[in-house]
Amino acid sequence: MNPAHLLVLLAVCVSLLGAANIPPQPLNLLQFKNMIQCAGSRLWVAYVKYGCYCGPGGTGTPLDQLDRCCQTHDHCYDNAKKFGNCIPYFKTYEYTCNKPDLTCTDAKGSCARNVCDCDRAAAICFAAAPYNLANFGINKETHCQ
């Protein structure tokens with residue numbers, strides 16, 4: 001084999017090894033983001049670091065109604081995980097958006113439908129809850145005990 005080809009092959013292998021360390025992104029986050037946009041007027045990024053429960057993880061007492069929406073969403077995902085091999089963060093689903101109405105269309109009782117119902121309920125809850133800017137980007141270690 002030509003030494004130049006070996007170098008190219010080596011470079012490809014090394015870059016693939018680096019890519020293997022990149023964590024996979026949840027597949028349904030795009031769907032959840034779109035549901036949030038359908039149900040309400042705030043951008044989805046407004047919820048990423050809000051309160052004690054919005055965004056990754058969650059602990060302590062929710063700070064307000066919006067934070068309770070996120071806590072309820074977390075618990076809903078926990079319940080969805082109990083049905084067979086259901087991994088909510090990676091499960092895609094079918095739904096329709098007729099602003100501001102959301103309809104989940106997968107078969108009732110399926111993993112996809114359970115996850116969709118969780119995201120739908122959260123998006124509707126987000127749209128109805130007041131937004132307290134003081135709860136965005138808080139220090140969870142001091143405020144969420």
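From the backbone N, Cα and C atoms, a Cβ is placed for every residue, glycine too.
From a predicted model like this one, the values you see are computed outputs, not experimental measurements.
The signal peptide feature in Swiss-Prot is assigned to 1-19.
Around the Cβ of Cys97 (disulfide bond), the same chain contributes Asn34, Met35, Cys38, each under 8 angstroms and 6 or more positions distant in sequence. Swiss-Prot lists Cys38-Cys97 (among others) with the feature disulfide bond.
For the recorded site, Cys52 (disulfide bond), the DSSP three-state label reads coil. Counting only same-chain residues six or more apart in sequence, the Cβ atoms lying under 8 angstroms from the Cβ of Cys52 (disulfide bond) belong to Gly58, Thr59, Gly60, Thr61, Pro62, Leu63, Asp67, Gln71, Ile138, Lys140, His143, Cys144. Annotated disulfide bond per Swiss-Prot: Cys52-Cys144 (among others), in sequence order, evidence recorded as similarity to another entry.
As annotated by Swiss-Prot, Ca(2+) binding site applies to Tyr53, Gly55, Gly57, Asp74, with the evidence given as similarity to another entry. Within 10 Å of the C-beta atom of Asp74 (Ca(2+) binding site) sit 17 other C-beta atoms, taking all shown protein chains into account.
As annotated by Swiss-Prot, disulfide bond applies to Cys54-Cys70 (among others). On its own chain, Cys54 (disulfide bond) has Tyr47, Val48, Leu66, Asp67, Cys69, Cys70 as residues at least 6 apart in sequence with a Cβ closer than 8 Å to its own Cβ.
Summarising the annotation, Swiss-Prot assigns disulfide bond to Cys69-Cys125 (among others). The secondary structure of Cys125 (disulfide bond), as reduced to three states from DSSP, is helical. Within the same chain, residues at least 6 positions away in sequence whose Cβ sits under 8 Å from that of Cys125 (disulfide bond) are Leu66, Arg68, Cys69, Thr72, His73.
The feature active site is assigned by Swiss-Prot to His73 (among others).
The Cβ neighbour count for Cys76 (disulfide bond), using a 10 Å radius and every protein chain shown, is 19. According to Swiss-Prot, the disulfide bond annotation covers Cys76-Cys118 (among others).
Residues or ranges marked as disulfide bond in Swiss-Prot: Cys86-Cys111 (among others). Cys111 (disulfide bond) falls within a helical segment according to DSSP.
Feature annotation from Swiss-Prot assigns disulfide bond to Cys104-Cys116 (among others). Cys116 (disulfide bond) is surrounded by 27 other CB atoms, counting those within 10 A of its CB over all protein chains shown.
According to Swiss-Prot, the feature active site maps to Asp119 (among others), an assignment based on similarity to another entry. DSSP gives Asp119 (active site) a helix state. Counting only residues at least six positions away in the same chain, the Cβ atoms of Asn28, Gln31, Phe32, Met35, His73, Tyr93 sit under 8 Å from the Cβ of Asp119 (active site).
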Winner by Cβ contact number (other Cβ atoms within 10 Å) across the binding-site residues Gly55, Gly57: Gly55
Asp74 (Ca(2+) binding site) versus disulfide-bonded residues Cys86, Cys116, Cys118 - nearest by Cα: Cys118
Nearest of the recorded positions (Gly55, Gly57, Cys86, Cys104) to Cys118 (disulfide bond), judged by Cα-Cα distance: Cys104
Other CB atoms within 10 A, centred on Cys69 (disulfide bond): 25
